[in-house]
Amino acid sequence: MCVCLRQTYQDLNSSLRERKQLDREERLSLVLWKRPFTTLQYFCIETLITLKEWTWKLWQRRGVVFLTVVLFSLFSMAYSIEGAHQEYVQYLEKKFLWCAYWVGLGILSSVGLGTGLHTFLLYLGPHIASVTLAAYECGSVNFPEPPYPAQIVCPEEEVLLESISLWTIMSKVRLEACMWGAGTAIGELPPYFMARAARLSGADPDDEDYEEFEEMLEQAQSAQDFATRAKLAVQNMVQKVGFFGILACASIPNPLFDLAGITCGHFLIPFWTFFGATLIGKAIIKMHIQKLFVIITFSKHIVEQMVSLIGFIPGIGASLQKPFREYLEAQRAKLHNPAGDGAAAGESWLSWVFEKVVLVMVCYFILSIINSMAQSYAKRLQQKKYSEEKTK
């Protein structure tokens, strides 16, 4: 009798697992280039549902919202009234917008919207590289403001080249780099809160990664493939070592860090232990490693050596080397031209290609958000169907 019941239970589990797999495949097929009208319809409905949910959450925290509105109104009054304080208000506004810009890019890089926007490669990395090249060319990092940071122009005073060091350049870009790192730390919070809420409520998880995490825990002893063993290693480190395990995972480029957030939420690790370690690891340790790598890579002698090595590529070396040299010369010339003085140098095809790559990646990111939200609504419909079947 017990054997029959066990067999029946296993059959039901297997059937349910197969059905969930089929439902998941059906959701993943819901993309703009396959089912455009259904995808757009589901995206619009999911957007309205999300706005409704966020409106309700804001209403529940109306005291905090009211305080935020009051503070914003006071700042607006201080901003509009003339007086000696305007100098400080404008300075604070500039710094706040600059920090908010990089924090926002950091969040977009890790929050899990669509495919994620690789903002380090597209924005922060090129910014650090531009500052590095300009520092060695100008012999200074005291770029005139304005136009910096919108445009980098060499200062008029002469500074000895020996005054430029790695530390000087790192100090120049430290604020934006740390703000970007803080944004990536904030973007890691949703998996933590989702797993924590699911564990406390005992409800079925509404997330593919969390479902995969629970299946991985169930099959931990029989795991054979490298990817599963790597995920289990991250999970064990975070669970057993705690703060320092999270810090170690956050301090290095780690595509499995989402699993660390899910693990911390599932095992109810305190919020400030998780977020504190993540913030220190991403905004300070990892950010300085990445920053140092970019600065060394784009230092003057390394860049010149790389351009020279391009010329040794058989057949196409000379033709490839020419546009790189022209681009570097154009950038050097631009650094020594005062802002708004004279005609801008002709755009290099390298900069044109980079702009188009950025545009394509941003467009793909937006498309992936539309697909992801449409698939979220499809999952709502499937879960509603499961609930109706259970009540019958």
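Even glycines carry a Cβ here, placed using N, Cα and C.
Annotation source TrEMBL lists transmembrane segment at 64-81 (among others).
Residues or ranges marked as transmembrane segment by TrEMBL: 101-124 (among others).
The transmembrane segment annotation in TrEMBL covers 237-253 (among others).
Positions annotated as transmembrane segment by TrEMBL: 259-280 (among others).
The transmembrane segment annotation in TrEMBL covers 292-313 (among others). Long-range neighbours of the transmembrane segment (292-313) within the same chain, counting only residues 6 or more positions beyond its ends whose Cβ lies under 8 Å from a Cβ of the stretch, are 125, 128-129, 132-133, 136-137, 166, 169-170, 320-321, 324-325, 328.
Residues or ranges marked as transmembrane segment by TrEMBL: 357-378 (among others). Sequence-distant neighbours of the transmembrane segment (357-378) (same chain, 6+ residues past either end, Cβ-Cβ under 8 Å): 26-28, 30-32, 38-43, 45-47, 49-50, 108, 113-118, 122.
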